[in-house]
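Asker: Checked TrEMBL, it gives:
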type: TRANSMEM; residues: 12-33; note: transmembrane segment
type: TRANSMEM; residues: 45-62; note: transmembrane segment
type: TRANSMEM; residues: 74-95; note: transmembrane segment
type: TRANSMEM; residues: 116-134; note: transmembrane segment
type: TRANSMEM; residues: 154-173; note: transmembrane segment
type: TRANSMEM; residues: 194-214; note: transmembrane segment
type: TRANSMEM; residues: 226-252; note: transmembrane segment
type: REGION; residues: 277-298; note: region 'Disordered'
type: COMPBIAS; residues: 277-286; note: compositional bias 'Acidic residues'
Amino acid sequence: MAQAWSWDTPAFVLLVLLTLLYIAGVIHVRRAYAREPQSLPLKTRHLVFFIVALVCTALAFFSPLDSIGRTQLFSVHMTQVVLLITLCAPLFMLACPEEMLRPLFAWTPMRLVARILLRPLTASIVFNLVFLLWHSPRLYSWSVTNPAIYHTQLVMIFAVSFLNWWPLIGPLVGQRAMSLPMQMLYVFLDGQPVDILAFILVLTEVPIYSHYIIPSQLGLSPFSDQAVGGSILLIPGIVDLAVMSPLFIRWLKALELRTRERDIERARLEEEFEYVEEWEEEESDDPALPVREGERSV
């Protein structure tokens, strides 16, 4: 069954706002480095990341995925959500060099808000709370009855996913200072609530969302649709593992480097100590050396 593209206001306003802010950021960075173009921090990869993120976000919000996910298949809805929080949000963040966002965070109200919301614990709690509340059966069933409410749900989940990614890849390094072990712990614990929901969707034998109980025109039973949706929701957990792997390797390398430096320092100190001992022994055993006045026998 053919599905039309939809252009709902909340998502459209969000994309226009993101585009205008990015253009303003590009202009600011280019002006700031007008006299030193060779030092321009804005690279081609940043623009590519932004364009890909913008296109993928538009597909998630406005393509037939949107109407199918809202009216027919829960699994397609989960495809929308995973696309937004796992691909689009981090790409938008990677598209912004630090110099682009620094003026925004120099603004006092923004700095105060960031000081609260960008803390790892706060960011994780806010994201998981918003995600789980919108996917509670009653609230979700209400959201799919109206395209505007449905898009508001997606926009909110998309927005808080930026908070979720910030402690790991936030453009402002000073705003995400966490040790490697803490980053791994954050990635592991942060994904647990969503993973639990995903397993419930996969393993339960009762359709949770009544809106999808009527068999879809696309030939997927409600139970199969729900199980597929839960499986798709496990993708962020796989991404978490992919993120944790390089963090773990970096941590091991850092431990190895610190251990090697300590061993070198210990060896240097032992060598100096042995040298001093040998010198003192030679000094005490050499008869040609003059005897100090205090050491003469009476």
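Glycine residues also receive a Cβ, built from the backbone N, Cα and C atoms like all the rest.
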Asker: Where, among 45-62, 74-95, 116-134, 154-173, 194-214, do we find the most CB pairs under 8 A to the transmembrane segment (12-33)?
Answerer: 45-62
Asker: Taking a Cβ cut-off under 8 Å, which residues six or more beyond the ends of the transmembrane segment (194-214) line up next to it in the same chain?
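Answerer: Result: 72-74, 128, 131-132, 135, 137, 140-141, 144-145, 222-223, 225-227, 229-231, 233-234, 236-237.
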Asker: Are there residues at least six beyond either end of the transmembrane segment (74-95) with Cβ under 8 Å to its Cβ atoms? List them, or say none.
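Answerer: Sequence-remote neighbours of the transmembrane segment (74-95) are 18, 22, 46-47, 49-50, 52-53, 56-57, 59-61, 65-66, 68, 154, 157-158, 161-162, 164-166, 169-171, 209, 212, 220, 225-226, 228-230, 232-233, 235-236, 239.
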